[in-house]
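A.B. asks: For reference, the structure I am asking about is given below.
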């Protein structure tokens with residue numbers, strides 16, 4: 001059992017903190033023979049990298065990944081893959097004035113209460129920089145999935161920023177890569193830019209909802225009762241910094257439906273079952289149906305804002321704080337590639353787990 | 001690694017299916033010396049038991065728990081506790097006409113696709129009867145918590161049924177035990193009874209939202225990054241049958257807030273930090289703050305309804321199905337004690353985990 | 001993580017104590033579709049059953065196994081299999097005079113020091129009765145192996161009792177089932193009977209060495225570095241009650257060899273590599289070579305003897321003890337089927353683990 | 001579950017291969033507040049470092065450890081500690097002529113059969129260089145133990161090299177650091193030097209037995225049934241490269257004893273139980289008694305020798321091989337600090353596990 005690991009067979013352990021020499025992911029259980037090199041992983045890290053638009057933190061990290069083990073002559077060997085990212089732009093002095101103050105909404109106070117150690121430099125282990133390691137691991141997972149389930153396609157995007165939601169009627173997958181918000185709605189992209197720019201200038205921040213969809217996932221993945229596919233996805237997404245809610249398919253809105261309205265009726269298609277709808281988000285009883293796996297998660301607004309907030313110090317003195325560092329006005333944006341990475345890791349893990357217990361899919365229909 | 005287990009140190013493995021001879025929970029890692037007997041666990045099982053009002057399934061199971069191991073002279077010994085519940089009212093013939101048909105919204109089709117085995121009797125392992133084992137384990141967890149954190153108090157209740165939400169201004173904890181819905185709002189209890197009775201008579205069903213609150217949890221519980229308290233709670237709740245969404249504190253609504261609005265400002269109280277609000281739901285960076293832990297989850301409507309739905313058979317024939325068994329019109333009701341049980345297990349587990357790594361709380365404030 | 005479980009994917013959790021109502025094994029991760037019934041498991045339990053000759057304890061337990069879950073219409077479903085054995089012949093009063101005394105060589109004192117609970121009835125959880133649950137799980141594992149690696153054949157036997165070793169030149173596998181010691185040497189069987197009978201009459205006991213061999217195990221099983229096949233076998237055998245040493249291949253004697261003498265030279269046979277010898281015991285670098293897997297373990301003499309021994313009570317008083325219960329003069333005898341069962345569980349587990357990470361064997365020779 | 005990890009709460013994952021850029025250990029679950037720096041860990045690595053006498057490989061690796069995470073201002077933070085050792089002296093061309101040949105006794109053939117990938121450079125992941133990472137983790141474990149059980153003292157030494165055993169009557173702990181064999185017997189040290197020098201010159205090698213003793217371990221550590229202290233020690237030691245047997249206390253010789261001879265009688269000492277002997281090696285029923293924990297393991301002779309041996313190539317051709325690299329004539333020597341490190345990790349892990357489930361020792365005697 002490790003508190004910094006996830007996955008059953010494809011097992012990722014992340015390590016490192018915001019302002020240490022490096023951070024990374026120790027990845028165990030990857031199948032051998034997966035073609036991989038640093039550039040293939042770097043591709044995904046670059047999507048998450050800060051400082052790419054005015055809407056993300058101006059911290060400038062190259063986030064260059066190094067593969068230290070587990071790869072030989074361009075292929076995974078089946079032994080642990082160590083993915084390391086060195087920290088370079090660590091302006092620890094930016095944090096000098098918060099050495100003794102707890103930033104509200106951050107983990108400063110709880111890490112102190114738990115460990116009695118205060119690594120004030122950028123949040124230490126609780127920093128969202130940790131998610132770079134997940135994205136690196138996710139890049140490897142994507143390549144490994146190709147050999148096992150070549151039709152799998154994983155796409156994340158924003159569907160809500162503050163009070164503004166996308167219009168599902170304007171949903172256009174091609175838009176996702178065309179704007180700094182990975183939003184599949186061109187009009188929303190424009191509206192949100194203006195909205196967020198105002199917030200950013202006023203030193204405020206806002207929350208968001210990210211949706212991640214996996215297409216082409218074979219039916220039969222997921223291991224009830226406590227390694228359900230949705231259970232593992234919920235844990236994977238909830239473990240991302242600042243996430244406060246996770247939904248599968250209808251999610252919280254399922255509460256409002258009747259059984260009649262919620263039923264995904266089943267028909268027979270040319271190569272297997274087809275469904276009238278996907279309220280279930282591609283998962284029944286914790287096992288994939290073959291439909292799109294649909295997950296959403298809510299990211300709270302960045303807690304570092306310029307408005308002074310009341311807080312206390314380690315010695316219990318009441319005081320005020322203004323967090324001046326370089327921060328994201330909507331940290332949800334950069335959570336998109338992280339959510340994709342977690343989806344990739346969970347799906348690969350369950351492909352392996354299913355193959356381990358069962359071999360190939362067993363139950364044929366028709 | 002076990003796919004039917006949860007918890008790190010307090011480790012619960014459930015087993016059994018709807019219509020087998022018995023089901024139960026194998027509980028490992030319980031501290032020794034916890035006073036326990038069958039009656040203390042039965043108390044919690046009785047709250048979940050079906051057939052207590054017209055709003056729950058008319059299946060009549062005594063759900064009598066037997067302790068087969070791990071308890072000697074009224075105390076846990078520190079070795080595995082086996083909690084067994086025999087199945088008695090298994091009308092398997094009720095399911096005869098669905099031997100070959102997959103019920104939409106149920107796990108029939110995915111279990112078949114995964115395992116190639118069709119235990120058609122009441123859903124087999126995917127039946128919500130499995131949650132009886134969790135409630136039994138939760139009863140033991142509650143007793144073990146008392147020695148470690150005597151102030152902990154865990155309460156679950158419904159906050160939404162279909163489109164009807166409680167009025168938080170009428171919130172009255174004393175009402176929870178006064179109505180069949182565990183709803184802390186007397187007026188809602190009355191309205192919902194009428195609403196659900198109509199649905200029930202028409203053979204339809206509806207979803208719900210359950211909220212579970214843990215008071216008195218000490219600060220410092222939770223083990224970042226992938227054993228965060230909220231991560232483990234999300235997994236615990238999502239693993240409950242029919243759950244489609246999980247929220248901590250503000251949950252999905254956090255997306256709509258600005259950083260200014262979302263800040264829980266910190267003050268110094270007589271015996272530790274105090275907060276201006278609890279948007280965080282008692283958890284920051286995956287670690288408890290000492291505030292109330294607030295979790296909500298959405299339960300989809302029961303999929304077994306009297307309205308005919310389109311489906312297919314194992315051989316791929318299209319057909320219709322009406323699920324005539326004895327079912328709950330709002331399965332969310334019986335999810336309340338299950339959510340409480342999962343909360344109890346997660347909190348006990350983290351109390352032990354924290355004590356293992358750290359001993360007592362280390363970081364003092366003031 | 002569970003302290004009462006073993007295996008990675010084929011995960012066995014045993015529960016129960018010597019004089020509780022029942023004991024058993026909760027088996028998770030078994031492949032679906034394995035043909036199994038109670039009689040098939042009972043077959044293996046009957047081999048371990050006490051009271052079959054004058055050389056084993058006269059406690060008379062039918063050790064009848066019940067399958068409570070995970071099997072439907074004669075096949076495993078892929079969900080947890082609960083194997084329960086009820087205790088029937090629990091003469092707890094036999095233990096009345098040791099309620100406060102610690103039996104030397106038993107776990108009485110350490111369980112007390114660890115848990116502060118004294119279940120004096122036959123050793124409670126530390127009783128070798130727990131191994132019945134392993135044998136039941138092993139019976140299931142054997143059936144599951146058949147579908148995955150049909151050539152696997154697992155055989156255990158005694159090679160040493162006290163100072164008496166078998167003569168490898170007289171090794172005759174057919175003898176194993178012909179004597180109460182499972183010894184593959186007819187002459188030894190006769191000699192040992194006389195030797196042990198004397199010891200038994202004098203109320204003394206003696207140790208033994210058991211060897212377990214698995215033939216037909218495919219090359220490539222084992223997952224370095226800490227899930228090596230030999231690592232898992234060492235843990236599996238050392239976890240058996242009273243075991244004090246475990247050897248693979250040459251075992252401790254490997255220390256005496258030179259590199260020249262120890263080399264298992266490799267040749268090419270008609271259907272794969274062949275070796276000049278098997279000093280390695282079928283495992284190199286933690287991975288199976290395809291040769292026989294050879295494991296030996298030493299079982300200490302039964303600690304319950306009629307000779308008075310010095311000991312202390314819970315209150316620290318010095319005293320003497322004579323253990324009068326019904327005990328085995330050579331507990332190593334009944335360890336034979338237990339060692340076989342552990343071998344079966346470990347091999348099945350690694351078959352699944354290998355298939356999970358890698359699929360089929362990948363590296364072909366020639 | 002990770003195949004490259006060990007420990008329950010103090011969880012060590014090693015990564016890296018012989019000729020990659022680096023190798024290391026990702027250590028999770030370390031208590032916070034442990035004083036540590038690179039020099040303190042380097043101390044232990046230097047003991048294992050090759051090239052220190054003519055009796056170990058002449059590969060010259062500084063084996064300089066870097067702490068990349070988990071330590072702040074000289075103390076552990078409670079988050080993962082990454083310990084990295086860069087490889088510098090990788091003469092991969094030494095291995096050029098074995099690209100296609102499998103070295104007998106090495107894992108070359110089994111890694112190929114498992115993974116279908118042949119990292120021929122010095123054994124890749126199966127190289128004993130991996131043990132450097134364990135020694136680094138063990139150095140951290142030793143410091144963490146100090147706060148929890150300050151009396152613990154861990155010492156490893158050789159007791160046998162080839163056919164030559166130490167004379168227990170000459171046992172002198174002070175000698176251990178005075179000779180290149182860590183042998184507690186001055187006369188043996190001299191004899192062995194001459195013996196091994198001859199073997200080395202002839203290009204041969206020999207096996208060894210290492211004993212590791214932990215003094216001052218509190219009673220009550222170990223978690224039956226499958227996380228027994230001896231089970232975990234057996235797994236820890238068997239996972240070390242080239243180990244073929246593991247013994248606790250009497251070990252394999254326990255088979256020869258009668259119950260009368262094997263009994264460790266119990267007396268009451270001034271501060272707790274005292275024993276007449278320690279046949280049990282400090283462990284009863286998997287739980288520590290407070291006596292010395294005594295473990296021995298046999299290391300087979302180095303398989304790389306200058307005598308030509310028969311083998312095959314990847315394409316199945318029969319051929320001969322002479323392994324010319326820089327190798328240890330008795331790899332058992334360098335296994336001494338590795339065995340100590342594994343002991344330290346296991347004991348720390350069980351200190352945390354015990355504290356997690358139980359708090360402090362519960363059962364008082366007297």
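A Cβ is built for glycine as well, from the same backbone N, Cα and C atoms used for every other residue.
The shown structure was predicted, so the numbers you read here are calculated from the model rather than taken from an experiment.
Sharing the feature lines straight out of TrEMBL:
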BINDING   C:48, C:54  NADP(+) binding site
BINDING   C:125, C:126, C:127, C:241, C:242, C:285, C:300, C:301, C:302, C:303, C:304, C:326  FMN binding site
A.B. asks: Please report the distance from the Cα of residue C:304 (FMN binding site) to the Cα of residue C:48 (NADP(+) binding site), rounded to the nearest angstrom.
C.D. replies: 19
A.B. asks: Calculate the distance in Å between the alpha carbons (Cα) of residue C:127 (FMN binding site) and residue C:48 (NADP(+) binding site), and round it to a whole number.
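C.D. replies: It is 14 Å, counting Cα to Cα.
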A.B. asks: Report, as a single number, how many Cβ atoms besides its own are within 10 Å of the Cβ of residue C:127 (FMN binding site).
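C.D. replies: Total other Cβ atoms inside 10 Å, all chains included: 21.
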A.B. asks: So which of the binding-site residues C:48, C:54, C:127, C:302 end up next to chain D, with Cβ to Cβ under 8 Å?
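C.D. replies: Correct list, in sequence order: C:302.
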A.B. asks: Below 8 Å Cβ to Cβ and six or more residues apart, same chain only. Which residues does that give for residue C:300 (FMN binding site)?
C.D. replies: C:105, C:207, C:242, C:243, C:244
A.B. asks: For C:48, C:54, listed as binding-site residues, tell me which one has the smallest number of other Cβ atoms within 10 Å.
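C.D. replies: So among C:48, C:54, the binding-site residues given, the one with the fewest Cβ atoms within 10 Å is C:54.
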A.B. asks: Please report how many Å separate the Cα atom of residue C:48 (NADP(+) binding site) from that of residue C:125 (FMN binding site), as a whole number.
C.D. replies: 18
A.B. asks: For the binding-site residues C:48, C:125, C:302, return the ones with C-beta distance to chain B below 8 angstroms, or 'none'.
C.D. replies: C:125
A.B. asks: In the structure shown, which of the binding-site residues C:125, C:242, C:304 has the fewest other Cβ atoms within 10 Å?
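C.D. replies: With the binding-site residues C:125, C:242, C:304, fewest surrounding Cβ atoms within 10 Å: C:242.
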A.B. asks: Using DSSP reduced to three states, classify residue C:125 (FMN binding site) as helix, strand or coil.
C.D. replies: helix
A.B. asks: Near the Cβ of residue C:302 (FMN binding site), how many other Cβ atoms are there if near means within 10 Å?
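C.D. replies: Within a 10 Å radius of the Cβ of residue C:302 (FMN binding site) lie 25 other Cβ atoms.
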A.B. asks: Please report the distance from the Cα of residue C:54 (NADP(+) binding site) to the Cα of residue C:302 (FMN binding site), rounded to the nearest angstrom.
C.D. replies: 15
